[in-house]
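Annotation comment: TrEMBL describes 23-47, 59-78, 98-120, 141-164, 205-225, 237-258, 270-289 as transmembrane segment. Taken from TrEMBL, the feature domain 'G-protein coupled receptors family 1 profile' applies to 41-287.
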Amino acid sequence: MESENRTMIREFILLGLTQSQDIQLLVFVLVLIFYFIILPGNFLIIFTITSDPGLTAPLYFFLGNLAFLDASYSFIVASRMLVDFLSAKKIISYRGCITQLFFLHFLGGGEGLLLVVMAFDRYIAICRPLHYSTVMNPRTCCAMMLALWLGGFVHSIIQVVLILRLPFCGPNQLDNFFCDVPQVIKLACIDTFVVELLMVFNSGLMTLLCFLGLLASYAVILCHIRGSSSEAKNKAMSTCTTHIIVILFMFGPGIFIYTRPFRAFPADKVVSLFHTVIFPLLNPVIYTLRNQEVKASMKRVLNKHIA
């Protein structure tokens, strides 16, 4: 009730990616094409992994969850953005904005933790292969998935609670194409310095620590495989390279957006576009294109259903 009394704004106006109609049309067409080509690919990955009895290893279990998280994460922003491109006035309700922000950080936080779990999985598989089946058993994998979903929820609910306590009395123009913490906080009617520091600590520090921890873990793995045979070394190198590319895609833009005080930079919207729409859809595809087992299984699934 207190939140309702203090919150005078009932809707936000999204200023969008750009004010140029030509650029908006170009981005709309490119995102639409990209979205409807890559998104079905993500669901094909999920269907392949769940339907092929040969893809039961923990790596594929985590890959299927990554495809689901990335598709959901991108849908939260991309679907709304495509609709807004066709609207003269881009309006989102206060509750809709908070809901979008919650799911964005819930899924994003969960994905970041999933990449940590996948790094741990690769560490055990490469550096402790004799213990792999014991450590990464189905019960442990499910417990890890439950923990990362819970971690994503806690991370996101902290953001939402802090924002719900802020009074918004105008202006109501969000300089972005979706609701995110930096832009929403700036519209509060009070000094938000302390809240911004808390948000940087919750989002920025978490992102940076996960990123540095992941790079350190893969550095350990790469050092470990230096003395391995050529075949084992090449396979491990391929897997680790794929993971590192996805980590850079996931955490690079996140560090740029959340680890600094919330001031606007010209590149913010472009970075946000890649962070919320492009890279999430690409991540599972990158994993798949470099994994021979998944590619072979996808071909079998497609041939079976086409035939």
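We count from 1, first residue shown onward.
Cβ from N, Cα, C; glycine included.
Nonlocal intrachain contacts for the transmembrane segment (237-258), taken as residues 6+ away from its ends with a CB within less than 8 angstroms of a stretch CB, comprise 108, 111-112, 115, 118-119, 122, 180-182, 199-200, 203-204, 207-208, 210-211, 214-215, 218, 221-222, 225, 267-268, 271-272, 274-275, 279, 282-283, 286-287, 290-291. Long-range contacts of the transmembrane segment (205-225) within the same chain, counting only residues at least 6 positions beyond its ends with a Cβ under 8 Å from a Cβ of the stretch, are 109, 112-113, 115-116, 119-120, 122-123, 126-127, 155, 232-233, 236-237, 240, 243-244, 247, 251, 254-255, 258-259.
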